Amino acid sequence: DHTALDLIIKSLKSPTMVCEGTHFDGKIPHTFVIFGASGDLAKKKIYPKLWWFYRDDLLPKLTKFCGYARSMLTVDSIKEQCLPYMKVQSHEQKKYEEFWALNEYVSGRYDGRTGFELLNQQLELMENKNKANRIFYLALPPSVFEEVTVNIKQICMSVCGWNRVIIEKPFGRDDASSQALSDHLAALFHEDQLYRIDHYLGKEMVQNLMTIRFGNKILSSTWNRENIASVLITFKEPFGTQGRGGYFDEFGIIRDVMQNHLLQILSLVAMEKPVSCHPDDIRDEKVKVLKSIETLTLKDMVLGQYLGNPQGTTDDARTGYVEDPTVSDDSNTPTYALGVLKINNERWQGVPFILRCGKRLNERKAEVRIQYQDVPGDIFEGNTKRNELVIRVQPGEALYFKMMTKSPGITFDIEETELDLTYEHRYKDSYLPDAYERLILDVFCGSQMHFVRSDQLREAWRIFTPILHQIEREHIRPITYQYGSRGPKEADRMCEENNFKYSGSYKWHGGKAATSNL
């Protein structure tokens, strides 16, 4: 009698990982503690995911939940705040009430012992003083990380079971602040207790990168500088800061997206084959390739900031970044960045890795585009286009390979077409869990494969800290671009200068995400 839980466990780990430290203790009580339970992340992401796990019987049977925040709330008020995001069907109402009956809430400060002592008393009461495992999710601003983690360590740790701490980015602002945070956490917890969450590592196609690379001879044998001309990793959003202007203006697009999400994807694309699928073997290879990346310089970057479109049909479309009331009028914070990274190793020497991200662009899209070299000895009068392997992360997961074929008919014309694996078509009846679902389940199972280790962080900040400090020190003005555009034209020129060819002649037809825009 296989339950959904059995199936998810099989998908999360190999059988050998039980003896390598990855466990799913189905019969032991688990308590999931949400710090910042009154915040947006909790109501929009964390509580909905926990409800879906409970609904689908994916959690250990003796799991309970406890929220903690400064706000004077009750479980009923949190339940009301979360309702729009919970997706409860009418026939699930009974089970939904059962889920909330397993919840408690404690109000307290983050900078004192009293609230945490009350929290620990509540946890012991919920666990009936039995052996229990505890997961602490810090959905909190970084300003309170240190106080909260000290109080967790001193007051709230399970004595008999294991303890795991989930931490949200940002993991510092630069190499010094990130290292200070890592040193602080290392003094309190073992690395195997820390789960630094980068939700992009939980996305279906990002997790598929290893299989695509190392499970297919046709790709693995061409995955090198002899065959690949350039790699373009893109993250585009059609919307702006949406109420996060204050936070975003402090951190900017490089810290918010490029230094973490895009660099993590790059490490999966560029790393060497690990000796096994054990989490630490994979993370070891990620660190090795990050160590081979040269520090980013200003000559390899384009920075942009969006303007409102005077012809926009809504107030939002007509509003530029600095017109956001939460943003300084003279802000130099980039909302668009393109950076060219160079990997100094045998496999990738001379292949540009172009990272591109921006807000208020022409579409929502995240993808990896592997562009192959031109065909040598062209016999088709220059009509061939480069082959491309495109891994679409969102929206609409897909994998397609652009190639040249003869056009149907009596002529001998050639055209671009694709070998297409669009998940929407190939896996019609499959449910693709979202990133937070996968990653929270990984924490229950103890799999750190898709979480960021401290040495990965150190190398990531080494690459980006000098350019971030230079931008701030020299008050470098970003190039302006209009709402709804593809971004600064200078970015297209830099792509071209770095051996990425874009003809604009091809339109992918694979599903709803079809577009001719790069």
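Just so it is clear, glycine is given a Cβ too, placed from its N, Cα and C backbone atoms.
According to Swiss-Prot, the features are:
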BINDING   Gly36, Ala37, Ser38, Gly39, Asp40, Leu41, Ala42, Lys43, Arg70, Lys169  NADP(+) 1 binding site
BINDING   Lys169, His199, Tyr200, Leu201, Gly202, Lys203, Glu237, Asp256, Lys359, Arg364, Gln394  D-glucose 6-phosphate binding site
ACT_SITE  His261  active site, proton acceptor
BINDING   Arg356, Lys365, Arg369, Arg392, Tyr400, Phe401, Lys402, Asp420, Leu421, Thr422, Arg486, Tyr502, Trp508  NADP(+) 2 binding site
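Put simply, of the recorded positions Asp40, Ala42, His261, Lys359, the one whose Cα is nearest the Cα of Lys402 (NADP(+) 2 binding site) is His261. The secondary structure of Gly202 (D-glucose 6-phosphate binding site), as reduced to three states from DSSP, is helical. DSSP assigns His261 (active site, proton acceptor) to a helical segment in the three-state reduction. Counting only same-chain residues at least 6 apart in sequence, those with a Cβ under 8 Å from the Cβ of Lys169 (D-glucose 6-phosphate binding site) are Arg196, Ile197, Asp198, Asn260. Ranking the recorded positions Ser38, Ala42, Arg70, His261, Arg369 by Cα distance from Lys359 (D-glucose 6-phosphate binding site) puts His261 first. Of all the binding-site residues in the record (Ser38, Ala42, Tyr200), the one with the smallest CA separation from Leu421 (NADP(+) 2 binding site) is Tyr200. Counting Cβ atoms from all protein chains shown, His261 (active site, proton acceptor) has 23 others lying within 10 Å of its own Cβ. Summary: among the binding-site residues (Arg356, Lys359, Arg369, Lys402, Arg486), the fewest other C-beta atoms within 10 A of the C-beta are counted at Arg486.
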